Structures are given as structure tokens and as C-alpha cells.
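If you look up Swiss-Prot, you'll see Arg16, Lys21 marked as site 'Transition state stabilizer'. Here Swiss-Prot flags Arg151, Lys207 as site 'Positions MEP for the nucleophilic attack', drawing on sequence analysis.
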Amino acid sequence: MSGAVALVLAGGSGTRMGRPKQFIELLGRPALYHTLRAFQEAREVERIYAVGEEERIRDLASGCGIDKLCGCARPGESRALSARNGLLLCGEEDGVICLIHDGSRCLVTPQLIGRVVRAVEEGADGAIPAVPVPDTIKVADGERVLKTLDRSSLRAAQTPQAFRLGLLRRVFSAPEEVLREATDDASLVERAGGEVRLVPGERTNIKLTSPEDLVLAEAILAARERRGSRL
């Protein structure tokens with residue numbers, strides 16, 4: 001075991017869904033259960049911390065055998081501010097690898113978790129899963145197309161994103177206005193001049209953002225259950 005820690009961000013209000021998406025049931029269990037279960041099963045992860053409703057998350061974990069959960073933090077006003085709150089729980093050892101993950105990415109697998117941890121162990125400042133962008137991407141001004149981007153160099157970033165704790169503490173000490181604008185953790189490391197390595201992501205590792213995503217996620221979970229595998 002490498003002794004990595006996982007920080008799961010589960011404090012979203014679910015504005016677009018009309019309810020907190022991390023607690024929407026998929027196959028009879030909250031989406032967050034499926035997220036936590038992947039980190040519970042990942043041999044590289046020693047401890048799990050979460051950002052969100054502490055009582056609700058602890059009840060979920062204790063009722064489902066998630067015994068790696070070690071603490072919960074209150075959400076912040078933005079994703080990065082929530083992550084900063086959670087990092088306060090993760091310990092003072094600079095060399096420990098920390099994986100920051102969107103709680104609504106409930107289809108993450110232990111195999112993907114292992115890949116990002118290994119990339120940091122091999123020397124990268126950070127590692128993020130990413131997949132090629134299959135669609136043609138247009139830059140638009142309202143309804144007017146300004147230009148077409150070369151998709152061969154484009155990648156869609158996913159989570160979990162892995163970094164050493166010491167580096168995370170440094171980059172999350174940036175001013176709050178910088179943190180509010182950050183849409184992922186790697187962008188803060190990039191801003192500080194760090195090397196972020198891409199590892200193969202998984203197209204099934206979707207983020208729940210629309211009702212259609214719920215249908216797709218439940219179908220993928222059901223297929224995995226039939227196979228007896230998280231792959």
C-alpha cells in the first residue's frame with residue numbers, strides 16, 4: 001500500500017439537477033456510495049476524507065462498510081475553496097500523495113485510481129486522467145462561430161487528480177479570487193509551473209450533470225454488476 005489519501009468533494013447543491021446529485025440513488029444506493037466504494041477498494045488509498053454534509057456522509061459510510069473514511073470538512077463557496085477546506089484534514093506529510101475527486105463521478109474505478117497514483121510515484125508533480133475529445137470543437141460568440149479548434153491536441157480532463165500534499169498546500173495558498181476561478185486542481189499546479197502528466201482516462205468516468213447522465217450511469221453500473229466487476 002502506498003498510503004495515498006483521497007479527498008472526495010461531495011458538497012454540491014445540485015442546482016442543475018434540482019437536488020444534490022451525489023445523493024441521487026443509482027441501483028438503490030446513493031451515487032456517493034459508488035464513488036466511495038471505488039476508493040475503499042483501491043489498494044493504493046489508505047485514508048478517505050470528504051467535503052460535504054458530515055452526518056449524512058458518515059451515516060452512508062458506516063452503513064455500507066466504508067471504513068477508510070477518516071473525516072469530513074465543510075464545503076466552501078467554490079470547488080477550489082471546498083478542496084482547500086478538505087486539505088486541512090489530510091495531514092502534514094508533504095510527500096503523501098493526495099487524490100482530489102469529484103464526488104459526482106460515481107463510475108470511477110480502482111484501476112484508474114491506481115494509474116494516477118503511480119504517475120506521481122514515478123516523478124510527476126501531478127497526474128490527471130484525460131480522454132481525447134471526439135467532437136469537433138467550435139469557439140463561438142453567441143450564435144456565430146469564430147473558429148474551429150484542432151481537436152487532435154485537445155483532451156477532456158477528469159478526476160481523480162493526484163499530487164503530493166506539500167505541493168497542494170502551496171498552490172491552494174493562492175488568493176481566493178484565483179481559487180474561485182479554478183475549475184480543477186491541475187490548473188493551479190500549472191499556474192505555479194508544475195508538470196502535470198496525463199494518464200489514460202475512462203470514457204465511463206462521467207460527471208453527473210444532467211438527467212440523461214443518471215440513465216447512462218445506472219446502465220453502466222448494472223452492466224458491471226452483471227459482470228461482477230468495476231471495470
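Each position is counted from 1, following the chain as shown.
Placed from the backbone N, Cα and C atoms, the Cβ positions cover glycine too.
As the structure is a computational prediction, the values presented were derived from the model and not from experiment.
By a simple count of nearby Cβ atoms, those within 10 Å, the most crowded of the recorded sites Lys21, Arg151, Lys207 is Lys21.
Put simply, Lys21 (site 'Transition state stabilizer') is 10 Å from Lys207 (site 'Positions MEP for the nucleophilic attack') when counted between their Cα atoms. Separating the Cα atoms of Arg151 (site 'Positions MEP for the nucleophilic attack') and Lys21 (site 'Transition state stabilizer') is a whole-number distance of 30 Å.
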